[in-house]
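Q: What Swiss-Prot shows for this protein is this:
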DOMAIN    3-118  domain 'MTTase N-terminal'
BINDING   CYS12, CYS49, CYS81  [4Fe-4S] cluster 1 binding site
DOMAIN    141-379  domain 'Radical SAM core'
BINDING   CYS155, CYS159, CYS162  [4Fe-4S] cluster 2 binding site
DOMAIN    382-445  domain 'TRAM'
Amino acid sequence: MSKKVFIKTYGCQMNEYDSDKMSDVLGAAQGYEPTDNVEEADLILFNTCSVREKAQEKVFSDLGRVKHLKKKGALIGVGGCVASQEGAAIIERAPYVDVVFGPQTLHRLPQLLAERERLNRSQVDISFPEIEKFDHLPPARVEGASAFVSIMEGCSKYCSYCVVPYTRGEEVSRPFEDVLVEVAGLADQGVKEITLLGQNVNAWRSRMIGAASALSSEMADFATLLEYVSDIPGIERIRYVTSHPNEFTPSLIAAYDKLPKLVSHLHLPVQHGSDRILMAMKRGYTAMEYKSTVRKLRAIRPDMALSSDFIVGFPGETEDDFSKMMKLIDDVGFDNSFSFIFSPRPGTPAANLHDDTPHEVKLRRLQHLQTVINDSIKRISESRLGTVQRILVEGASKRDSTELMGRTECNRVVNFCGQPRLIGQMVDVAITETRSFTLRGEVVTQNEVLTG
């Protein structure tokens, strides 16, 4: 009987990608098969996030819930950014944990588990071996028409509030050809949509070698990579996340004019709308510069859907600062957002800033911001009524398993009736109804996809 591994993922899409790679490497090296039932798992892994305090504490709460499974012989591991930040302190707090590993050492999981068994003691490896992990991972295995590809690791921006540079290390780009080989392999498996991942994905840079360039010293930037990915047969859509406003170069903006496969959806975190707060955050741009980038993008793609991150209640935030953030939100018109009250992270400069704003004030501001964003989402959804949207069908609807769901180019979920054979296909859907954050529609494509 094969061994089972249960993986719970917290946080960002980088972690989702890493969790898939954990499953791949354990399957290839030790025959583990994934399971959604933690009770039957031989190995339980938590791939953690340390961006906010609540996410970090939830890990220890979840660890406590599976502690009893040790009696059945299950092994327990903690990976991700909390593991990188806390290291051996996790073992001190939860001594029943068997392995602790960082984002850059997930490829060493089989060796860590073997050492745990051989030495009969917990193992910790949270080193930063740069990009080594990609050299030791098996070829990607996918089910479905969409896939993530990590193209870089770490962050070198050192925003004053952010723990990522300390948990994932400095920015390191994957080699140009490695990325193209992985994308081509996924396309051969039927993947139609690729999402390129990185903490600051548009900061990617790599030397072009081999057939890709006659000049071995030529450097490729992110826009160049997008062009080459776009040329890979079978790839019909390209997304990427997360981008940094400071890395939005003229060549990247121009890519939206040259590459029709590059979708009209962008997650471009602004974090705040007050220049004073942006400076305290060490973001490196002003609200006007951010809006200038948006204007240039929408001059090329008027229907560009934008999502962003917002931090409410950063130390020293005044009502005037908050009003400036709300003005930016009104000026830009966001299709979605991820907004949170500031959470001080140990070891970051912002954790030491004086903060005298009452929590109830921060909560009121957050609720107001989210109400405004939700109203914007509703207006944008209503503007889609009566339009025909090109949908990549992903699978059964989460609301109703008898229906299908997919995403528009602008990343809006659409539910509709259709045959299972449409899964993995691109179809045209007429939008007939809007809901809070999703759309409903009817398939209007009339071709071999529907009749074959």
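Backbone N, Cα and C atoms are what each Cβ position is placed from, and that goes for glycine too.
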Q: Distance between CYS162 ([4Fe-4S] cluster 2 binding site) and CYS81 ([4Fe-4S] cluster 1 binding site) at the Cα atoms, whole Å?
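A: A Cα-Cα distance of 12 Å.
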Q: If H, G and I count as helix, E and B as strand, and all else as coil, what does DSSP give for CYS81 ([4Fe-4S] cluster 1 binding site)?
A: helix
Q: C-alpha of CYS81 ([4Fe-4S] cluster 1 binding site) to C-alpha of CYS159 ([4Fe-4S] cluster 2 binding site): distance in Å?
A: 16
Q: Just to confirm: which same-chain residues, 6+ apart in sequence, have a Cβ under 8 Å from the Cβ of CYS12 ([4Fe-4S] cluster 1 binding site)?
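A: Result: CYS49, VAL51, THR242.
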Q: Give me the DSSP three-state residue breakdown of the domain 'MTTase N-terminal' (3-118), ordered helix, strand, coil.
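A: Helix (H, G, I), strand (E, B), coil: 69 helix, 22 strand, 25 coil.
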Q: List the residues in the vicinity of the [4Fe-4S] cluster 2 site, defined as same-chain residues other than CYS155, CYS159, CYS162 with C-beta within 8 angstroms of the site's C-beta centre.
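A: Other same-chain residues with Cβ inside the cutoff are LYS157, TYR158, TYR161, VAL163, VAL164, PRO165, GLN199.
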Q: Under 8 Å Cβ to Cβ from CYS155 ([4Fe-4S] cluster 2 binding site), same chain, six or more residues apart: give me those in sequence order, or none if nothing qualifies.
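A: Listed in sequence order: CYS162, VAL164, PRO165, ARG168, GLU170, GLU171, GLN199, ASN200.
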Q: Select one residue from CYS49, CYS81, CYS159, CYS162: among these binding-site residues, choose the one with the most other Cβ atoms within 10 Å of its Cβ.
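A: That would be CYS81, with the most Cβ atoms nearby.
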Q: Would you identify the secondary structure of CYS155 ([4Fe-4S] cluster 2 binding site) according to DSSP, in three states?
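A: Going by the DSSP assignment, CYS155 ([4Fe-4S] cluster 2 binding site) belongs to neither helix nor strand, so it counts as coil.
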Q: Please list, for the domain 'TRAM' (382-445), how many residues fall into helix, strand and coil according to DSSP.
A: 5 helix, 32 strand, 27 coil
